[in-house]
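Colleague: Okay, here's the structure, questions in a sec.
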Amino acid sequence: MKIMGLDPGLNCTGWSILSVSKDIKLIDKGTVVTNSKEDTGQRLRKIHTDVLDILRLYQVDSASMEEIFINKNPKSSISLCYARGILLLTLSTKDIPVFEYSTNYVKKSITGNGHAKKEQVSFMIEKILNVKCSGTYDISDSIAVALCHAYSKKSF
C-alpha cells in the first residue's frame with residue numbers, strides 16, 4: 001500500500017510517499033513551491049497540477065494530512081484553507097481517500113509526546129525510517145502525518 005502525506009501551504013506544500021507492507025519505506029518526498037508574485041488562482045493551479053503528476057507517478061492508495069487549525073493570523077489561515085481545499089479536490093478527482101489527524105495526535109504517534117517540537121518529530125522520523133530529513137519542515141511534517149496514518153491503520 002502507498003500512502004501520500006501532505007503538509008498544505010500556499011507558499012510551500014510538503015509531500016511524501018510511503019510504501020507500507022511488512023515494513024514502512026520512504027519512497028520519495030518533496031515540496032511544491034509557488035511564486036508569491038502570482039495570483040492565488042495560478043498558485044493553486046500549480047499545487048493541483050504538481051500533485052496530480054505525483055499521483056500519476058506513484059499510484060497512491062490513500063492520503064493523509066493534519067486537521068485544519070486556525071492561526072492567530074487570519075490571512076495565513078485563509079491561505080492554508082485554499083491549499084487544503086485544492087488538495088482535497090485533487091485527491092477526490094482520483095478517488096483517493098483522505099485521512100485527517102490532529103497535530104497533537106500526529107506528534108504523539110511519532111514521538112510519544114503530543115506537544116513535541118518539530119525538531120523532535122524530524123529526529124524520530126530519521127530513526128524510524130533510517131533516512132535523513134533534509135529540507136524543510138514541510139517535508140518532515142508530511143512524512144509524519146503519513147507515518148501516523150500507517151500506524152493508525154496498522155497496515156504493516
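Glycine residues also receive a Cβ, built from the backbone N, Cα and C atoms like all the rest.
From a predicted model like this one, the values you see are computed outputs, not experimental measurements.
Relevant sequence annotations retrieved from Swiss-Prot are reproduced here:
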ACT_SITE  D7  active site
BINDING   D7, D138  Mg(2+) 1 binding site
ACT_SITE  E66  active site
BINDING   E66  Mg(2+) 2 binding site
ACT_SITE  D138  active site
Colleague: Please name the residue among the recorded positions D7, D138 whose C-beta has the most neighbouring C-beta atoms within 10 angstroms.
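Modeller: Of the recorded positions D7, D138, the most buried by Cβ count within 10 Å is D7.
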Colleague: Can you tell me how far the Cα of E66 (active site) sits from the Cα of D7 (active site), in Å?
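Modeller: Given the Cα positions, E66 (active site) is 7 Å from D7 (active site).
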Colleague: Taking the Cβ of E66 (active site) as centre, how many other Cβ atoms lie within 10 Å?
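Modeller: Excluding its own Cβ, the number within 10 Å is 23.
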Colleague: Tell me the Cα distance separating D7 (active site) from D138 (Mg(2+) 1 binding site), rounded to the nearest angstrom.
Modeller: 6
